[in-house]
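In what follows, a structure is listed as structure tokens, so that the remarks can point back to it.
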């Protein structure tokens, strides 16, 4: 490991006899004073007496910025993406494939079919806060591993369910495990430098699409020959791969520092520096004051109270609108246009509730196209989120969705209807990802996992309610249904604008204590970040 030692002019009492061997130097952003060189023995072991030759201090944020984005983060991106694809996307996609199959095979009434979907969201809603609390109390890696193994175990057991009541309970337990998946974003974000954070978290959506596409292709191969039981078992197996790769994952250095485990945090940072081939700045790693971690009351301190309440509504609106649009899309496509919904509903009421149709190859193709339609939304969000900021990105996404919903009042043809639905879905999915960027950034390390967990729980409340709007209310009034979704997203756009904190260009906060934050602001005036240069050129 190549180690760069530095000190600042006027801040150290050491002599000016130190010289730098080699062409590497350290630049401290925001510092006007020049750095005096000291001795560096490239490739040689540094004597113990020179292990800390300066009075410099740094935080984990400084080290992460200094080391930068490299091989370690690329590996972490793939592993986090695997969790997102296998534990989240595939298990959620199963819902749209399993429900019609069991509807026909077990002759289930419509309400029992709907309950198969709802019970997964109930499990996710009830566990999201718990997984956040576990991740804040015992570590991000610990919470993530337990949730993945939980989902793997009950996902495989679901394939052996003998009757409806068994599969209902087992899928609910699968949902309980899926509620811990957002903690992979917490762990991921805490290892990312500030400039790469938004783009990397947004690109996780690519793995969502990969997971759903893989699930549909797996269903095409498995369902006609082996049936739904093997589909459930085979869909859970990618989780086994992630569980094995979890042993490579390090614990968050930010969490280790906050929990007082300085040596482990330094070892993790050195490991990242080694893998990235970047120098590890020497100095004293500042240990955050010990705090109670994962306490719900910390989300409602005067500094975060409005942020928490507004974020809860924003996440609720995201899931409420996203899953509502998915349900409405099927209804609209089957009817041909919005104006035909009412007449079609009258015809459907005359049919037996046990009438069913198995999914066809054309249905699977439509599922693929619907999934791929989210890519434009991710690309647009990726382009604007670092330009206009997180708050405005979420507000814009909600506003475009609301506008497209109102345009559905017009009796447009099938082609225009398809365009409006795809634009609406692209932007609401992009807004969802923007919320995944903003939420880990706005909360400090002590409550980051809990904050994300509670927001995820509120999203599941929205997902639970939306079938009653998109399916039940739709039978009474198409236009009232559209007004509900449009109005909800309009309010969410306003809520996004009223968020007190904009996190664009801001580092992850380590502590929630006001006095500690003020101390860091003062400290930041002379050591906000460390970058290295080679022969005078910045990297």
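Residue positions begin at 1 at the first shown residue.
Quick reminder: no glycine exception, Cβ is built from N, Cα and C everywhere.
If you check TrEMBL, you get these features:
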type	residues	note
COMPBIAS	528-539	compositional bias 'Polar residues'
DOMAIN	77-504	domain 'Major facilitator superfamily (MFS) profile'
REGION	510-539	region 'Disordered'
TRANSMEM	76-99	transmembrane segment
TRANSMEM	111-134	transmembrane segment
TRANSMEM	146-167	transmembrane segment
TRANSMEM	201-222	transmembrane segment
TRANSMEM	228-249	transmembrane segment
TRANSMEM	303-323	transmembrane segment
TRANSMEM	393-410	transmembrane segment
TRANSMEM	416-438	transmembrane segment
TRANSMEM	450-470	transmembrane segment
TRANSMEM	482-501	transmembrane segment
**Report entry** Distant-in-sequence neighbours of the transmembrane segment (416-438), which means Cβ under 8 A and at least six residues beyond its ends
**Finding:** 182, 185, 197-198, 201-202, 204-205, 311, 314-315, 318-319, 321-322, 325-326, 328-329, 332-333, 337-338, 370, 373-378, 380-381, 385, 390-391, 393-394, 396-398, 400-401, 404-405, 407-408, 455, 489, 499, 503
Query raised in the report: Taking residues 6+ outside the transmembrane segment (111-134), which of them lie with a CB under 8 Å of any CB in it?
Result: 91-92, 95, 98-100, 102-103, 142-143, 146-147, 164, 167-168, 171-180, 182-183, 294, 296, 449-454, 456-457, 460-461, 463-464, 467, 471
**Report entry** Whether the transmembrane segment (201-222) meets the transmembrane segment (482-501): three or more C-beta pairs under 8 angstroms
**Finding:** no
Report task. Grab the pLDDT values for the domain 'Major facilitator superfamily (MFS) profile' (77-504) and give me their mean, rounded. Result -> 81
Requested in this report: Mind checking which residues of the chain, 6+ beyond the ends of the transmembrane segment (482-501), have their Cβ under 8 Å from one of its Cβ atoms?
Outcome: 306-307, 310-311, 313-314, 317-318, 320-321, 324-325, 328, 338, 391-392, 394-396, 398-399, 401-403, 405-406, 408-409, 428, 438, 442, 469, 473
